[in-house]
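Some features that Swiss-Prot has for this protein:
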type: DOMAIN; residues: 47-354; note: domain 'AB hydrolase-1'
type: ACT_SITE; residues: S152; note: active site, nucleophile
type: BINDING; residues: R221, D349; note: substrate binding site
type: ACT_SITE; residues: D315; note: active site
type: ACT_SITE; residues: H348; note: active site
type: DOMAIN; residues: 436-492; note: domain 'CBS 2'
Amino acid sequence: MKKGSLGIVETKYYHLEEELKLESGRKISDVTIAYEAYGTLNRDKNNVILVCHALTGDAHAAGWHKGDNKPGWWDILIGPGKCLDTDKYFIVCSNVIGGCRGSTGPSSIDPETGKPYGLSFPVITIKDMVNAQKKLLDHLGISSIYAVIGGSMGGLQVLQWSVSYPDYINKAIALAASAYSSPQQIAFNEVARIAIISDPEWNKGNYYYSRQPSHGLALARMIGHITYLSDESMREKFGRELQDRDRYNYDLSMDFQVESYLHYKGRSFTERFDANSYLYITKAVDYFDLTENGSLIDGLKDIKAKCLIIAVTSDWLYPPYQSKDIVMALNANNVDVTYREIESNYGHDAFLLEAGQLNYVIGGFLNNITVSDIMKLDVVTVQEDISIEDAAQIMFDNGITHLPVVSDDEQIRGIITSWDISKAVALKFTTLDRILTKNVITSRPDEGIEKCARKMQNNNISALPVIDENRKVIGIIGSDEINKMIGNHRCT
């Protein structure tokens, strides 16, 4: 086993018990979701990272399948000691619905007919993919995820997750993505679809008992693959080098290495992918649009997750300006967002190739855990005029040991603890001021949890009120939450 490798992994399958309702209003029954999971789910189930794959990806994101000659598609990032560290995190990746790598799609058997769906399969959207993933996580008993990450179409899913389930995710990492599909992106997808449906073997999608439209699918892949590269990468890799010859043939056969490469990519793709799935998934990408009434700011207004938006300098399919548009909209909504550009000549595919930069940027973002990541938001507070008896009752009813005392405008005035209440009972104190700690040690939401932990340890206290810049109480953080998180995310 190579250093940092997961070794042999297996794909698992979850069968939904209920129908899956789609954005179009239609429903799919007997839905299967193929997925893989790496690492160990901790006792509190708060170390989950969901990985979302790109257009033609699958659930096999890392490790090796028996007999394979290469690992999963994001093995450079997933495994022990990598940024998606399986010694810290429980990583889940599933094949999208509409796909052909284990999850229900047009090549699956329609339970009503006993035959492959073909074009009777309903059109799906990125939102439908995300909703299916949510069903899987519910099945796994996961009530929240630490982070969701993906590149290209995976990045679209990340953004959709952030909008659809804002209270469910803590951090969101979108690579080489956009908040809506541009006319150019839609145009490339349409040309690819025409390549498929123009193949006589396509037969209106009814080819499952004959031959797949391999010529059309290969051509679609060739078109797509050009958009994944960059001019620089093609010049570096191929230049104008000839393939197996030292002079032009002066005919219409392949002369150049780049031609041979594209044909190879097209042929090999037909061995692992279904033509109808390509039609459906590219259509889902075309429909993707998170703007609301034309406004991206309005469309992203509900996002609560801390966001990392990553672009690639040489990506012309999802150019950096589209990522910057996302960042500006998030900033306008006061979302905590970080923007990074990967310096690379690989083009769009850099999110699959630039191991060093990606591990550094993503690892730094995931390990930069602050108080706001784990503090309790629904903090119970009281004012100074409350009686000790009432304060004790509130603490008992809510199962808490620390009770911040605030002014009329919610500013911190002090704090009392269960130990203070015990002291008041023993000494027969009747007013809160006899036990109130007024010089309160507090924390800020952007404070690192290790600094917060040292503050608690140095002062021998087990919880801190969290205040904003106006000294208003916005949460509380306890040593138990910190100990759990530090244990799961120890710095490397």
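Here the Cβ of each residue, glycine as well, is placed from N, Cα and C on the backbone.
Shown on the structure are the features that Swiss-Prot records.
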{"residue": "S152", "record": "active site, nucleophile", "CB count, 10 Å": "27"}
{"residue": "R221", "record": "substrate binding site", "CB count, 10 Å": "23"}
{"residue": "D315", "record": "active site", "CB count, 10 Å": "27"}
{"residue": "H348", "record": "active site", "CB count, 10 Å": "26"}
{"residue": "D349", "record": "substrate binding site", "CB count, 10 Å": "23"}
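Under DSSP, the residues of the domain 'CBS 2' (436-492) split into helix, strand and coil as follows: 21 helix, 15 strand, 21 coil.
Proximity note: of the listed recorded positions (R221, H348, D349), H348, D349 have a CA within 10 Å of the CA of S152 (active site, nucleophile), given in sequence order. Recorded residues H348 (active site) and D315 (active site) have their alpha carbons 4 Å apart, per Cα-Cα distance. In the three-state DSSP reading, the residue listed as 'active site, nucleophile' counts as coil.
Cα of R221 (substrate binding site) to Cα of D315 (active site): a distance of 18 Å.
In the three-state DSSP reading, D315 (active site) counts as coil. D349 (substrate binding site) sits 8 Å from D315 (active site), taking the C-alpha atoms as the reference points.
When secondary structure is read from DSSP and collapsed to three states, H348 (active site) falls in the helix class.
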